[in-house]
Structure formats: C-alpha cells, structure tokens
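Right, one structure below, let's go through it.
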Amino acid sequence: MNEKAAVGEKAAVDYVKDGMVVGLGTGSTVYYTIVKIGEMIKEGMKVQGVATSVQTEKLAEEQGIPLLTLDKVESIDVAIDGADEIDHHFYAIKGGGGALLREKIIARASNKFVVVADSKKVVQKLGSFPLPVEVVPFGVRKTESYIQRFGCQTVLRMKGDTPYITDNGNYIIDCTFDVIANPKQLEKDLNNITGVVENGLFIDMVKDVITINGDKQAILLDKLE
Ligand SMILES: O=C(CO)[C@H](O)[C@H](O)COP(=O)(O)O
C-alpha cells in the first residue's frame, strides 16, 4: 500500500465513528480517507460529511457520503485533511490544492483536526513549500507587494493563461520563504494585510498527525511542545 493510502485509510478507521459529522479535506492523501469512509457507509455506518472544496463535494457524492453545509451543522466531530508541510510542533502549510480558506474554516469549526501526511510532508522547519495566500482579485499586485515586505518571493498562481480562481472567487499568491522562522507571527502578519483573505499557515489547530515511520507503518507523530 502506498504511504498516502496507508495514512488516509488509518484516519478513517481510527477516527470516524458511527453517527459522526466529519470534515472532509481536499487532496490526494485525504482522497483515501474519503473512499474508506464511503466503504464504511456501505457497510452500515451512519456518517455525514462537510466538504472543504467543490472537488471534495464531487468525490464524497461519488462515494455515497451524505453532505451537509457548514451552517447546517451544530459541530463537526472530526475533520481530516492533508498538508503540504507539517513540523514537529504540528504547525502546517496547507493550500497546495487551493482549498486553504474552506479547509481552515472547517478545521476551526471541528472538535478535533487530524492531518494525514506521507513521510515527505514532515519537516523540521516550514518554508520549502511555497506558502499559499488567498487574496481578493481587486488590487492584487498591490497586495502582492505588501506580502513581499515579509521577505518572500511571490508568484500569482495561474491556470493556463489566466489566474487560478479559488472556490471562493479569489486568487492565490504562492510565497517562497525557504525557511519560515516564526510561523505563528507570520500567520497573523499576513492576515493583517488588507486584500489578504487567508493564508495557508495552520497554527495551533492540528490535534493529531498520522504519518509513516521508518518501518513503513502508519503511526501517530509525536508532538514537540
Ligand atoms: O491543502 C491542501 C489543499 O488545499 C491539501 O491538503 C494539501 O495540498 C495536500 O495535498 P496532497 O494530499 O494532495 O499532497
């Protein structure tokens, strides 16, 4: 079994229980969680999902997972999602797939937020992966210049010849820092810029991380406090 399948399926089996409302992340790792939840439902378990993207909505529907909108649920028991990078303090970069805003809203609304990450995603320091920042299209070049003041190189994400558009109708600026020295502060600073909607740093949100150890087993990562 590949690493993504191993961590993705373990999350479904270990965290999703009968009667739960589950936040369904976006991407190629949580794909395996969603497919597994679909199987569990076919075997008789009652689970409802809240999707973090249009892409996940489609996948969940294909797998027979009943969906609710966020404002219809009282609380989300657990949300499960991938990450682009995660460190040992459980700070994460997300948004490689462009779904960071809905992912963060759903992670925030969940009683427990679990990240599924193959071994390549676990890093000592965040920053090798360009940090996605969702911005409103109006005045994007101005917003980009304010972001650059934090010492990064920026690229407006494109899809073909036109800017990539998120499910919320916004743009994404990918920001290369190499190393993010203080993720906690940077998360706040970026969100203080007028024109920034949200950034892909997830700070003090992740409760558990499922990854792969040296023996190729899916395990819970130890957290450095
Ligand atoms: O944040 C995300 C999407 O916005 C994904 O969770 C992240 O990009 C990881 O994706 P994958 O599991 O495909 O590597």
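Keep in mind that glycine also has a Cβ here, set from the backbone N, Cα and C atoms.
Just so you know, TrEMBL annotations are computer predictions that nobody has curated.
According to TrEMBL, the feature substrate binding site maps to THR26, GLY27, SER28, THR29, ASP81, GLY82, ALA83, ASP84, LYS94, GLY95, GLY96, GLY97, LYS121. The Cβ of THR26 (substrate binding site) lies under 8 Å from the Cβ of THR52, SER53, GLN55, THR56, ASP81, GLY82, GLY97, ALA99, ARG102, GLU103, each of which sits 6+ residues away along the same chain.
Under the heading active site, proton acceptor, TrEMBL lists GLU103. Counting every protein chain shown, 31 other Cβ atoms lie within 10 Å of the Cβ of GLU103 (active site, proton acceptor).
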Residues within 8 Å of the THR26, GLY27, SER28, THR29, ASP81, GLY82, ALA83, ASP84, LYS94, GLY95, GLY96, GLY97, LYS121 Cβ centre (excluding the substrate site residues themselves):
GLY25, VAL30, ALA99
Chain-internal residues near LYS121 (substrate binding site), provided their CB is under 8 angstroms and they sit 6+ positions away:
GLY82, ALA83, ASP84, GLU85, ILE86, THR211
As a test of the contact definition, list every same-chain residue at least 6 positions from GLY96 (substrate binding site) whose Cβ is closer than 8 Å to its Cβ.
GLY27, ASP84, PHE129, PRO132, GLY200
Residues satisfying Cβ distance under 8 Å from LYS94 (substrate binding site), sequence separation of at least 6:
ASP81, GLY82, ALA83, ASP84, LEU100, GLU103, LYS104, PRO132, GLY200, PHE202
